[in-house]
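Engineer: This is the structure I have questions about; it appears just below.
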Amino acid sequence: MIIHPQIQGCVARNCHPIGCRAAVEQQIAEIRAAGPFNGPRRVLILGASSGFGLASRIALTFGAGANTIGVSFERGPSDQGIGSAGWYNNIWFKQAAEREGYQAINLIGDAFSDAMRQQAIATIRQLWGEVDLVIYSLASGQRLLADGRRVRSVLKATGQPFTGWGLSLEHNALVEQTLPLASTEEIHDTVTVMGGEDWQQWMQALQDADCLAPGVQTVAYSYIGPASTYPLYRDGTIGYAKEHLHGTAEAINLQLAELGGHAWVSVCKALVTKASAYIPVLPVYLGLLMGVMKERGVHEGCIEQMRRLFADKMYGAEGVIADGNRLIRMDDHELDPAIQAAVSALWPKVTPENFTSMGDFAGLRRDFMQLNGFELPGVDYEAPVNIDALGELEP
Ligand code: NAI
């Protein structure tokens, strides 16, 4: 079967499995080229199959020699379709890691469930007994609670609705998008899905099962952004969830004190991922930001961000480098006042007619396509892909 991209709005409806392999290999090559660094050896990654979680896994394995267990929620090939990019990312990562002699276990299923926590605990006991680092990198639109209730997160505004230009990746066009006003219930639900409760439940379960090594670290990923994006993010429903995540880090930190362990939040830079492409209006900021940061030579993709996080800000000679609120600031370059001034000067001038000549919307689009295995150099997209043969591969 020859696979062409199917994009709907800002969501990819299919992926190119061979292109996904090229994307994983590209990230591995970047980490190899950047050289080894000190890091943890036994790592559990929740949300390991794409975006920041996958980049963390690649950086730690190929940069610091880590063995990993990765949890993710992905679909394999079936009558319904080719399967998800994350499914193939898991397979290709595992193959590459095992070729080098590293352990790479993929657990596929719902990370919010107690069953998955128990499966992860059983795997840790069997392989290592305990873990040195737990990465919390889930991005989800819903969470199934233990009582059977399905709670959905929403991307909405609070205070007042917000309208601006958004990006349709399907049509490569700007379209007006509105973040409607969230109800109090929607704010609470978004906190339930994307806040810190589940992270804490994981850490508690791991600690109760004696699966955390002395001096264990855990880190969750967050975003704050500049004031110009507050109506979309920090002051929106997702911002409430992130605030809750930050507060939870303090609670987990206290919980880990008896092990000499610590919990951190890494505030990352805005980057193109499956999750961020979905946030209304934000991709327009992102396209402008990418242009400005590339012009000034400070652009980073997921893989560069994650390498810098572990090599320089968590496991470097100075140990963890955090701000006064115990946040690890990976958004330092993004929030540089000169960068923000340049982005803010462009943003009001963006129109559907001129946006392709501003910022780096072509780069943003390419990054998005590459997340799904398309537009990677060296891949023959006219060659048929044998899905039946791929279906034989175990994640
Ligand atoms: P992503 O969509 O690329 O990855 C999400 C991961 O979560 C995938 O591995 C997916 O399989 C997994 N997942 C989702 N629901 C699951 C479930 N029920 N059970 C098991 N696994 C599940 O997202 P991205 O962007 O890498 O996001 C990760 C974290 O980083 C999020 O907390 C996000 O808010 C944060 N972040 C993202 C930024 C960005 O610009 N993309 C910026 C700063 C923080």
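Heads up, the Cβ atoms here are built off N, Cα and C, so glycines get one too.
The NAD(+) binding site feature in TrEMBL is assigned to 47-52, 73-74, 110-111, 138-139, Lys242, 271-273. The substrate binding site annotation in TrEMBL covers Tyr223. The domain 'Trans-2-enoyl-CoA reductase-like NAD(P)H binding' annotation in TrEMBL covers 2-78. Residues or ranges marked as domain 'Trans-2-enoyl-CoA reductase catalytic' by TrEMBL: 82-315. For 323-385, the entry in TrEMBL reads domain 'Enoyl reductase FAD binding'. Summarising the annotation, TrEMBL assigns site 'Plays an important role in discriminating NADH against NADPH' to Glu74.
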Engineer: For Asp110 (NAD(+) binding site) and Glu74 (site 'Plays an important role in discriminating NADH against NADPH'), determine the Cα separation and express it in whole Å.
Structural biologist: 9
Engineer: Phe73, Tyr223: which of these binding-site residues has the sparsest Cβ neighbourhood within 10 Å?
Structural biologist: Phe73
Engineer: What is the Cβ neighbour count of Gly51 (NAD(+) binding site) at a 10 Å cut-off, with all protein chains included?
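Structural biologist: Taking every protein chain into account, the count is 24.
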Engineer: Please identify which of Glu74, Asp110 has the densest Cβ environment, defined as other Cβ atoms within 10 Å, among these recorded positions.
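Structural biologist: By the 10 Å Cβ neighbour count, Glu74 comes out on top.
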Engineer: Filter the binding-site residues Gly51, Phe73, Lys242, Val272 down to the ones within 10 angstroms of the residue listed as 'substrate binding site', Cα to Cα, kept in sequence order.
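Structural biologist: Of everything listed, what lies within 10 Å of the residue listed as 'substrate binding site' (Cα to Cα) is Lys242.
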Engineer: By CA distance, which of the binding-site residues (Gly47, Ser49, Val272) lies nearest to Glu74 (site 'Plays an important role in discriminating NADH against NADPH')?
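Structural biologist: Of the binding-site residues Gly47, Ser49, Val272, Ser49 has its Cα closest to that of Glu74 (site 'Plays an important role in discriminating NADH against NADPH').
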Engineer: Over the span of the domain 'Trans-2-enoyl-CoA reductase-like NAD(P)H binding' (2-78), how high is the average pLDDT in this prediction?
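Structural biologist: Residues in the domain 'Trans-2-enoyl-CoA reductase-like NAD(P)H binding' (2-78) carry a mean pLDDT of 97 in this prediction.
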Engineer: Per DSSP, Phe73 (NAD(+) binding site) is which: helix, strand or coil?
Structural biologist: coil
